[in-house]
Each structure stands twice: as C-alpha cells, then as structure tokens.
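K.L.:
Have a look at this one before I ask anything.
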C-alpha cells in the first residue's frame, strides 16, 4: 500500500472517502517493476488516446508568446454549459508538450468526467516561434501566472484546478508556494515532481542513470533550443551550450544565465519546491515513487509536508518516474492516471467539504 502523509485528519479522511485509490495496494507490472525499467518503458508501452486540440497563442508582458492547447469537451453530457464546465490546467514535464502520452491519458480521464482541459506548453517547444530570447525554467513562474490568469479570465465561473507532471509539477508547486491562497486555483496535483534539484541532479549523474536518462534529456534540451538558435545566440554562446553533456552543464551555461542567477546553485535552490512547501495555501496532492531516480525517496520532504495542512503526499514503493504501470500488459490506465482522475473528481464534486480546514 502507498504511504499517505497528511497532517490534516480532515484532508486525510476526505481522500480516503473520495479518492480511495490512495489507500489501495499498488501492484506494479510484475515483469517491469523496477523503477528505471518502468520509466524507460512507459512511453513505448502505453497507448496514445486521440485528442483534438484547439490551439491558442497568448502574448506575454515581455513580448513573447505561449502556446496553449485546449480540449474544450463541448460534447460534455455532465457539464453542457461551457461557462461552468470544470477546467483542468495540465503542465507537462521538462521537454514535454500536449502530445505526451501521459498528458493524453489525463485528458482522456478528464473527458469521461465531462471536464475541460488546457495544456500549458512551455515557450518554444510546441512548434511556435520564440519572439524573445527567453525559454523557461522550473523556478520562474511568470508564464504560469500569465496562463492561469488568462484561463480564469476566459471562464471566470468555472471551477479551476491544475496538475503538473515532473518539471511541470515542480513549476506548479513553486507557483503555489509563492502565491499561497492568492490563486484562482481551487486545488492542484503534482505527479512525479522533483523536490530537491541538488539531490535529483546528483542521482541523475550516477553512471547508469547518466547513460539511461541524463545524456538523452540533455540532448532533448539542446534540440529544443537549437531550433531557436538565431534568436538565442544574441545573448548566449550557443556553441558552448551545445557542448553540454549533462543537465547540470546545460543549466550552468544556459538556464541559470537566462534567468539571471549568480550561480547554478542559486538557481537549483530557487527551483526546489521543498523550500516553498510550507507556503502552499490550497489543497495539493503529490504522488511520488520512492524508487524514482529523478526524485530520490530520501529527498521527499515528508516532515515539511506534515507541517502544512493543505498538503498530502502519496508515496509508493515502486513506480519509477511517470511510470506507475500496472497489470500484465499496461497499455492503458496507470496508477498515476487513476490517482489523477479520482482526485480531480473528488475536488470538483466534493471539495467544499475541506475548504474550511
């Protein structure tokens, strides 16, 4: 069974009643139960539900643009009135977009409940041009704030939640730690978020993890910026950026410089959600596996979470990073998908029971 960490007894009972998956035994797929194997195989094993998006480009205060992909769910039987149809904002991982299989599954789960979804694609990675020499990072929440304000202004009467995966979860937690209760979001979920960037980077630099994950992700980051080289080389030595062989080297030469940090350690400290968890002011459910090499179990801030009545952690012993595969042939729904579906439904339909906590 997963470990449920919540200092607020009322929140804990709410989850046990309306999100019972967090108390059920999680049985990982027996032939790929190890965390790294789950992480590697999930993108190839899981299906890719068909989703029709409506794209919208919104302008930012600095002259840039952000690509949003809307799943309006206009055929919703449960919420035919678009003005009050519950909305879920989805934040993909480090180089992820609305095309990721885990995002498609989250939208499929939301669609069956009648909800609307909108995917926040970070700058420059969803096919749109960079209009300014700026991309994104886990610490800077300005773009997320702009997106949340925009979505809420379009549907001000609709209940509004957000869910972030991996770096998207880190960004969401950092935003919530900054805003406290001053947000239009009624609740949020963070799935496989990295809690302490120093520990995550150290784990990913171990030889096997570097070979399996770190080098590949570094090349993905380089590929995402090379398309915008003509814009970015105004400020950066792109030849040096393209020589990076680890995420740490990429962040040192590019990310930390772009966002004005004096050192890479300053950036990593600011990007670590564990430093801001005490300030979260709305109900948040965080799902992690303790065998996740991207977010090592010893770095999960269990004691800090116990100090905030708005926070609940669900910790599984297996599952890897955005893995959580279950069943003999795990093509469709994962444990993560079920946690997401039950939690958003619990909050949208019964959330008033815990808002007084």
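Each Cβ is built from the backbone N, Cα and C atoms, and glycine gets one as well.
What TrEMBL lists as active site, charge relay system is 166, 292, 321. According to TrEMBL, the feature domain 'AB hydrolase-1' maps to 86-327.
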K.L.:
What is the one among the active-site residues 166, 292, 321 whose Cβ has the most other Cβ atoms less than or equal to 10 Å away?
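P.N.:
The largest 10 Å Cβ neighbour count belongs to 292.
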K.L.:
I'm checking region-level scores; what's the whole-number mean pLDDT for the domain 'AB hydrolase-1' (86-327)?
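P.N.:
Taking every residue in the domain 'AB hydrolase-1' (86-327) and averaging pLDDT yields 97.
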